[in-house]
Every structure is written in C-alpha cells, then in structure tokens.
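Single-structure report; data block below.
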Amino acid sequence: MSTAPIKHEGFLTKEGGGFKSWKKRWFILKGGDLSYYKTKGELVPLGVIHLNTSGHIKNSDRKKRVNGFEVQTPSRTYFLCSETEEERAKWIEILINERELLLNGGKQPKKSEKVGVADFELLNLVGKGSFGKVIQVRKKDTGEVYAMKVLSKKHIVEHNEVEHTLSERNILQKINHPFLVNLNYSFQTEDKLYFILDYVNGGELFYHLQKDKKFTEDRVRYYGAEIVLALEHLHLSGVIYRDLKPENLLLTNEGHICMTDFGLCKEGLLTPTDKTGTFCGTPEYLAPEVLQGNGYGKQVDWWSFGSLLYEMLTGLPPFYNQDVQEMYRKIMMEKLSFPHFISPDARSLLEQLLERDPEKRLADPNLIKRHPFFRSIDWEQLFQKNIPPPFIPNVKGSADTSQIDPVFTDEAPSLTMAGECALNPQQQKDFEGFTYVAESEHLR
C-alpha cells in the first residue's frame with residue numbers, strides 16, 4: 001500500500017466503463033494516482049487513474065450531468081461529477097496541479113514570463129509558406145532550441161484568415177499530448193504574429209515515405225497507433241483536424257509521430273452530432289461528405305486516417321489521380337481495391353475506415369484500438385513512449401537540420417517578409433489576447 005500522503009479525497013459520482021451507469025464512489029488522490037473505492041474506508045480500490053499518463057482534465061457537459069468534469073487517459077475518458085460547482089473547481093485544480101508536478105519531475109511549474117523576439121537567436125530557415133516562415137531559433141537564456149513560426153498580419157487580414165489563425169493559437173494553447181506539437185509561447189509585434197513551437201527535426205513523414213516508397217505493415221501499425229491517440233485527443237477536445245496528410249506529420253529525433261499545422265482545424269464540436277460545412281483540406285484525403293457539401297463531423301478525420309494508412313502501406317492514397325476532378329469522382333464512386341500484399345487485418349480496417357457513409361464508418365477510437373490490426377499494441381505503453389519506434393531518423397541531437405530541405409536551410413534566416421506593413425488600430429484589435437506562455441517547463 002502506498003505511503004504517499006493523501007492530497008485530496010471525497011465522494012464523486014462516476015460513469016461506469018462498461019454499462020455506463022453512474023455510481024457514487026470515494027476518491028483518493030495520492031502518489032500521482034487517483035484511486036476510487038466502493039465506499040469510504042475500503043482498502044482495495046475498484047480502479048486507479050494514473051495522472052502521469054492523463055490528457056486533458058476539464059469541465060464537461062457532454063454527459064448532461066450537473067457539475068461534470070472529465071479526465072482523459074490513453075485507455076478511456078473518465079466522466080465524473082461533484083456535488084457542487086466549488087467542489088468541481090477544486091478537484092480540477094488539484095488534479096491538474098498534481099499532473100503538472102508529475103510531468104515536471106517533481107518541481108513546481110515556472111511562473112509565466114514575458115517573452116519577445118529579442119529573447120531568441122535566429123539559427124536556420126526550416127520552412128516557408130504563403131503567410132510566413134518557420135525559423136529554427138535558440139532561446140538565449142536557456143539554450144533551448146525551438147521552431148519559431150512567423151506570420152504576416154497583413155497577409156492574414158487580406159486573405160480573411162484571422163479566425164483560422166486565432167483558432168490555431170487557441171487549439172495549440174489547450175492541447176498537451178505526446179504526439180501533437182506543443183506551443184511554448186506566442187506573442188506579436190505591430191506587423192507579425194509569432195508561435196514558438198517544439199522543434200521537431202526527424203523529417204516529414206512525406207519525405208520518408210517518398211524515400212522508402214512504402215512502409216512495412218509493422219511500421220504503419222506503429223505510426224497509425226500514435227496518430228489514433230493524437231486524433232482521439234483532438235476530438236475529445238472538440239477539435240476536427242481536417243488536414244491529415246504525410247506533410248503534416250513529422251518524426252521526432254527519437255522516431256515518434258508529431259502532428260503539426262492546426263491552421264485548418266475547427267474547434268467547438270463537442271458532441272457526436274456537431275457538424276461544420278467549410279470545404280477545406282487536401283484533395284487526396286477528403287472524405288465523400290466534404291465533397292457533397294452537406295456538412296460533416298469528426299468522421300472526416302477517420303476517412304483521412306484510412307487514406308493515410310493505405311498510402312503508407314502501398315505508396316499512394318487509395319483513389320489517387322493526377323486529375324483532381326477525376327480523383328473526386330473516384331472518392332465518391334469507385335470501389336476500393338487492394339494490392340495482393342495487404343494483410344486481411346489491414347484490409348478489414350481500411351474497408352471500415354474508408355466507408356463512404358459517415359454513419360457506418362469506423363470512427364470510434366475505442367473500437368479502432370480494439371481492431372485486430374492493432375492487437376499487438378499496448379496503448380498505455382505507447383502513450384508513455386515506452387515502445388521503441390521502428391525507425392530512428394539519422395539526426396545528431398535535437399538541433400540537427402540534416403532532414404530539412406536545403407532549399408530552406410541554404411537561405412539566411414530573417415524575420416522580414418515581402419510587402420509587410422503595420423495594421424491600423426482597428427485591425428490590430430483582431431489580434432488582442434494572442435500572447436501566451438506555457439504554464440510549465442515540461443512543455444519546453
């Protein structure tokens with residue numbers, strides 16, 4: 001029995017994992033574990049929630065219970081409710097603090113600091129896009145290497161991308177997951193926005209797939225499993241990703257998946273019936289319901305996931321055609337076919353993910369995890385990064401740029417951009433509240 005001190009205890013009502021009935025249980029928080037018992041005074045817990053592997057801990061009205069909150073773990077999301085709103089707030093605060101303490105190696109989180117451009121040394125240009133660029137930087141006081149995403153406010157305003165950009169910042173601020181890129185800071189100047197993100201240097205999955213033509217099934221299973229956990233976390237946070245493709249998946253220097261670029265995400269979809277209707281994404285990975293234009297939900301990400309798995313296994317997306325209109329026709333109409341080397345388990349999973357009817361599509365992450373294709377995966381060990389990756393990128397440390405396209409790294413890093421200018425005061429108001437500092441050092 002643990003000798004750690006009890007940090008908090010009390011009754012909460014908990015939803016069952018099997019029959020989904022709600023029962024009052026006695027909860028005790030100690031030693032980084034939240035244990036629950038049939039009643040107060042019991043010695044053997046009915047179950048334990050390990051906070052060191054938990055995802056978000058937040059208020060929740062998804063179960064229509066008063067004073068409800070949820071604790072996400074790799075295996076399931078626990079739904080709990082307290083007697084009063086004050087109790088709920090106290091439980092959430094204590095649980096989050098305990099998790100932060102665990103992830104921070106037992107140290108109290110660092111207090112927020114004011115950060116700006118002058119705090120970073122520019123090292124290398126590592127990416128360029130329509131609204132800005134990505135620069136490898138070093139924070140002068142700590143020596144930590146990051147990716148600085150620099151966006152032009154003028155371009156954002158002119159292309160009506162203010163809402164998307166602020167949404168990306170909001171999503172990055174609230175997510176914390178081993179297979180999603182972390183936001184460490186965000187700040188702004190008169191003419192630019194800055195995201196300070198983890199520097200992930202193992203190369204795009206797209207680059208490795210182009211080099212290898214296709215991956216082994218074991219390698220696809222590993223990457224696919226990490227992507228399942230990342231998508232599950234986004235969906236539980238009310239976010240549809242909408243742009244899953246090899247170019248938006250990076251490998252860390254250790255060989256793990258890191259999902260990046262949340263510019264096309266849609267937030268605020270908390271229930272299974274919530275839908276949106278914007279036509280966006282990358283043609284090869286668009287779900288049929290996006291093409292139909294009648295609104296869509298989180299199921300679109302699982303179609304894209306199926307397309308990505310198919311591409312990793314075979315070398316091309318399932319309905320690929322150089323003629324985009326012909327590709328759309330094939331996505332809507334053509335029968336799914338498989339090369340002879342695709343295993344029965346992989347074929348079964350792909351057929352269920354690439355189901356054209358979103359209501360029939362395999363789109364429940366818990367069912368996906370239990371599919372025979374993933375039978376060898378220990379999901380909690382995977383979440384904790386305790387399963388060795390099948391491939392380690394050839395990089396020397398976390399600051400290496402050898403996997404970055406030389407077309408970028410050969411160009412001197414600079415914060416200047418063509419046609420930039422400061423906005424008027426009214427336009428500047430659109431970017432109020434953009435500044436952010438991650439609450440704890442474990443995000444750095």
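Glycine is no exception: its Cβ is also placed from the backbone N, Cα and C atoms.
Summarising the annotation, Swiss-Prot assigns domain 'PH' to 5-100 and lists sequence analysis as the type of evidence. Summarising the annotation, Swiss-Prot assigns domain 'Protein kinase' to 120-374 and lists sequence analysis as the type of evidence. Under the heading ATP binding site, Swiss-Prot lists VAL126, GLY127, LYS128, GLY129, SER130, PHE131, GLY132, LYS133, VAL134, LYS149. Sequence annotations record features per position, and here Swiss-Prot assigns phosphothreonine to THR278.
On the backbone, the CA of SER130 (ATP binding site) and the CA of the residue listed as 'phosphothreonine' stand 20 Å apart.
For the ATP site listed in the record, the two most distant Cα atoms among VAL126, GLY127, LYS128, GLY129, SER130, PHE131, GLY132, LYS133, VAL134, LYS149 lie 15 Å apart. Between the C-alpha atoms of GLY132 (ATP binding site) and the residue listed as 'phosphothreonine', the distance comes to 23 Å.
Same-chain residues at least 6 positions away in sequence with a Cβ under 8 Å from that of VAL126 (ATP binding site) are, in sequence order, VAL134, ILE135, GLN136, ALA147, THR401, ILE404, PHE408, THR409.
Restricting the average to the domain 'PH' (5-100) gives a pLDDT of 87. When other Cβ atoms within 10 Å of the Cβ of GLY132 (ATP binding site) are tallied across all protein chains shown, the result is 23.
Between the CA atoms of LYS128 (ATP binding site) and THR278 (phosphothreonine) there is a gap of 25 Å, rounded to the nearest whole number. Look at GLY132 (ATP binding site): DSSP puts it in a strand. Sequence-distant neighbours of the residue listed as 'phosphothreonine': residues of the same chain at least 6 apart with a C-beta under 8 Å from its C-beta are LYS266. DSSP assigns VAL126 (ATP binding site) to a strand in the three-state reduction.
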